[in-house]
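A.B. asks: Sequence annotations record features per position, and here TrEMBL assigns transmembrane segment to 45-63, 75-96, 117-144, 241-258, 290-311, 323-347, 382-402, 423-449, 455-476, 496-518, 538-558. According to TrEMBL, the Na(+) binding site annotation covers Gly51, Val54, Asn58, Ser297, Asn329, Leu394, Asp397, Ser398. Taken from TrEMBL, the feature disulfide bond covers Cys156-Cys165.
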Amino acid sequence: LPSPIPWPLTQPVTPDLLVSPSSQDGDLGSECPEDRGNWTGRLDFLLSCIGYCVGLGNVWRFPYRAYTNGGGAFLVPYFIMLAICGIPIFFMELSLGQFSSLGPLAVWKISPLFKGVGMGTILIVSLVAIYYNMIIAYVLFYLFASLTSDLPWQHCGNWWNTDLCLDHHVIKAGNNTLPVNISNTVSPSEEYWSRYVLHIQGSSGIGDPGRIRWNLCLCLLLSWTIVYLCILKGVKSSGKVVYFTATFPYLILVMLLIRGVTLEGAWKGIQFYLTPQFDHLLSSKVWIEAALQIFYSLGVGFGGLLTFASYNTFHQNIYRDTFIVTLGNAITSILAGFAIFSILGYMSQELGVPVNQVAKAGPGLAFVVYPQAMTMLPLSPFWSFLFFFMLLTLGLDSQFAFMETIVTAVTDEFPYYLRPKKASFSAVICIALFLMGLILTTEGGMYWLVLLDDYSAGFGLMVVVITTCLVVTRVYGMKRFCRDIQMMLGFKPGPYFRACWMVLSPATMMALLVYNIVKYQPSEYGNYRFPTWAEVLGILMGVLSCLMIPMGMVVAVLQEEGTLWERVQQASRPAMDWGPSLEENRTGVYVASLAGSQSPKPLMVHMRKYGGITSYENTAIEVDREMEEDDEEESM
């Protein structure tokens with residue numbers, strides 16, 4: 001006879017199958033989301049999303065796009081594209097993140113075959129983070145330069161100025177005597193930007209970067225230091241910083257708007273910005289421009305929204321938050337247009353030239369035109385400081401999101417090793433990206449920045465978003481996705497969202513992608529045309545993020561067993577531990593598995609632990625029955 005079982009072992013024992021690899025003490029699912037962290041305040045998530053979406057593009061891209069594409073008439077395609085493309089994709093990203101509490105890589109447990117989409121996202125975000133922080137460094141440079149009684153770009157006669165430099169004060173004085181021909185002249189602010197800040201005359205092109213500009217290098221180091229200190233404790237620290245960085249730009253924007261509209265000639269600029277030209281609506285270009293503005297302004301596809309939502313509680317009302325953020329972002333863009341064009345109207349009157357001659361987009365507006373306009377105002381250093389401080393706060397919270405996305409994605413992949421060392425890992429990422437960005441601080445750095453800006457988040461980003469949309473609706477299944485949202489929010493998305501996810505959003509983005517490829521134009525900066533090798537390098541940047549998808553598929557298929565088709569089918573199904581991260585939220589179909597465990601978790605264990613089935617689970621079990629019936633119908 002075998003020896004009697006010792007007394008301690010007669011106690012109920014958790015079967016080994018049910019213990020996650022990391023839990024030595026036998027606790028079920030020891031990988032708690034508490035280790036991962038959550039938002040600490042009610043508004044942390046909402047303000048982080050607003051801060052992320054409302055960025056530099058709202059100030060320097062939207063107003064220019066609006067006036068070149070039909071003025072006030074541009075708002076028609078803008079809001080239609082917001083409804084078709086912006087809001088539905090935004091809501092989809094938030095839903096995926098909140099439901100799974102996972103970052104942009106680990107979220108592909110939803111269909112491991114497509115994990116390469118997550119890898120593509122991380123590559124795109126890393127490239128964008130490198131050059132976006134350089135723009136913040138330029139803003140810091142101008143911010144410090146504004147701390148003076150006389151702005152350095154106000155007059156000609158400095159060592160960096162050329163004979164072509166013409167001061168606007170001279171133009172004003174010249175109005176009384178002889179008309180001044182300004183067509184072949186350069187403003188002091190333009191020479192300050194290109195010849196002093198960038199020192200671009202020291203480089204002959206992208207292949208000749210020249211020397212490092214140490215003042216820019218120190219500004220870049222400072223901007224990375226600020227970003228690191230703000231994301232040091234993950235969302236616990238960045239969630240508090242956004243209370244300032246997401247709200248303060250609105251205060252400055254309103255101040256600039258009030259100052260702008262009270263200036264002489266302001267209405268000339270606003271009229272130019274908003275006069276509707278409805279004939280533009282017949283052009284496909286206007287609709288594509290509207291979709292592009294929505295696409296980049298909301299930041300869909302970069303993983304930031306998904307990352308932020310993954311730190312939410314399971315039942316947070318992201319449906320309401322989606323509308324608050326997307327509509328708030330659109331209104332901010334329109335408001336920024338008034339602030340910019342009222343100043344440009346005043347400037348055109350001062351210079352005696354039409355508004356379209358002073359209007360620019362991108363860095364040209366932020367670092368040349370607007371600073372020049374500031375010199376024409378009384379108390380110019382004060383207004384200049386305010387403007388650049390607004391750009392700093394607008395840029396920083398978008399950069400927090402990029403960094404949080406990269407850090408969260410990698411730590412969620414290796415939680416046991418990296419999560420306890422998150423601060424050190426964040427430091428390593430920041431240092432690595434700072435070193436990669438050093439080429440942007442050289443005399444030819446602007447050429448590299450333009451190349452990164454044009455190619456890093458172009459067609460690669462669109463491919464990522466289209467693939468995500470198709471995988472969620474076609475591979476994972478629209479019914480299943482809607483039921484997941486019902487588990488979180490208590491209701492299923494309506495026909496509007498389902499129609500957009502199934503047809504309208506992917507079709508619109510496909511059209512965008514085709515348009516981008518057909519209308520491809522080589523990069524240029526001013527009169528400088530990029531050489532062929534630089535074009536090829538840029539295209540490879542975009543293609544590499546797309547190639548991550550098939551590479552991820554090959555890896556996923558090799559990890560499965562059986563014939564090729566069986567492997568593909570197995571890899572496309574959700575992973576065993578896909579679902580809500582907290583045990584109490586795992587109801588119905590998700591009771592069958594545990595986060596952090598690769599083994600099944602029988603329903604009876606759940607009942608024994610929690611004493612029966614709750615009303616939520618009753619609903620979920622009914623949903624399971626429905627799903628089984630659906631599967632049977634499909635197989636027939």
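Cβ atoms are placed via backbone N, Cα and C, with glycine included.
Worth saying up front: this structure is predicted, and the values here are computed from it rather than measured.
How about a rundown of where these features are and what they're close to?
C.D. replies: Residues 39, 135, 235, 238-239, 242-243, 245-247, 249, 273, 293, 296-299, 304-305, 308-309, 311-312, 316, 321, 324-326, 328-329, 332-334, 336-337, 340-341, 361-363, 365-366, 390-391, 394-395, 397-398, 400-401 of the same chain lie 6+ residues outside the transmembrane segment (45-63) yet bring a C-beta within less than 8 angstroms of a C-beta in it.
Neighbour count (other Cβ atoms within 10 Å of the Cβ, all protein chains): 27 for Leu394 (Na(+) binding site).
Beyond the transmembrane segment (75-96), the same-chain residues lying 6 or more positions past its ends with a Cβ under 8 Å from any Cβ of the stretch are 66, 107, 110, 281, 286-287, 289-291, 293-295, 298, 300-301, 305-306, 309, 318-319, 321-323, 325-326, 330, 334, 465, 468-469, 472, 481, 484-485, 488, 493, 496-497, 500-501, 504-505, 508-509.
Through the fold, the transmembrane segment (117-144) approaches residues 56, 104-108, 197, 215-216, 219-220, 222-224, 227, 301-304, 363, 366-367, 371, 384-385, 388-389, 391-392, 395-396, 398-399, 402-403, 405-406, 409-410, 433-434, 436-437, 440-441, 445, 448-449, 452-453, 456-457, 460-461, 463-464, 467-468, 471, 541, 544-546, 548-549, 551-552 of its own chain, all at least 6 residues removed from its boundaries and within a Cβ separation under 8 Å.
With a threshold of 8 Å between CB atoms, the same-chain residues lying at least 6 positions outside the transmembrane segment (323-347) that come near it are 46, 49-50, 53-54, 58-59, 62-63, 66-67, 75, 78-79, 82, 86-87, 90, 250, 253, 256-257, 260-261, 263-274, 293, 297-298, 355, 358-359, 365, 369-370, 372-373, 376.
Proximity of distant same-chain residues to the transmembrane segment (382-402), defined by a Cβ-Cβ separation under 8 Å and at least 6 residues beyond the stretch ends, is recorded for 48, 51-52, 54-56, 58-59, 125, 128-129, 132-133, 135-136, 139-140, 142-143, 146-147, 151, 223, 226-227, 230-231, 238, 241-242, 244-246, 248-249, 252-253, 255-256, 259, 299, 302, 304, 307-308, 366, 370-371, 374.
Outside the transmembrane segment (423-449) by six or more residues, the chain places 126, 129-131, 133-135, 137, 198-206, 208-213, 216-217, 220-221, 224, 227-228, 231-233, 403, 406-407, 410-411, 525, 528, 530, 534 with a CB less than 8 A from a CB of the stretch.
A Cβ distance under 8 Å defines the sequence-distant neighbours of the transmembrane segment (496-518), meaning residues of its chain 6+ beyond its ends; these are 81, 84-85, 87-89, 91-92, 284, 288, 291-292, 295, 458-459, 462-463, 465-466, 469-470, 472-473, 478, 481-482.
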A.B. asks: Other than Gly51, Val54, Asn58, Ser297, Asn329, Leu394, Asp397, Ser398, which residues of the same chain sit close to Na(+)? List them in sequence order, counting a residue when its Cβ is within 8 Å of the Cβ centroid of the site.
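C.D. replies: Apart from the listed residues, the neighbours are Ile50, Tyr52, Cys53, Gly55, Leu56, Gly57, Ala246, Pro249, Gly299, Thr332.
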A.B. asks: Using Cβ atoms and a strict cutoff of less than 8 Å, what residues sit near the transmembrane segment (241-258) while being 6 or more residues removed from its termini?
C.D. replies: 43-44, 47-48, 50-51, 54, 230, 332, 335-336, 338-339, 342-343, 383, 386-387, 389-390, 393-394, 396-397, 400
A.B. asks: Which residues, sitting 6 or more apart from Asn58 (Na(+) binding site) on the same chain, put a CB under 8 Å from its CB?
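C.D. replies: Once residues fewer than 6 apart are set aside, Asn58 (Na(+) binding site) is near Ser297, Asn329, Thr332, Ser333, Ala336, Leu394.
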A.B. asks: What is the interatomic distance between the Cα atoms of Ser398 (Na(+) binding site) and Cys156 (disulfide bond), given in whole Å?
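C.D. replies: Roughly 36 Å, rounded to the nearest whole number.
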A.B. asks: Between Cys165 (disulfide bond) and Gly51 (Na(+) binding site), what is the CA-CA distance rounded to a whole number of Å?
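C.D. replies: Here the two Cα atoms lie 38 Å apart.
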A.B. asks: Could you tell me the C-alpha distance between Gly51 (Na(+) binding site) and Cys156 (disulfide bond) in angstrom, no decimals?
C.D. replies: 38
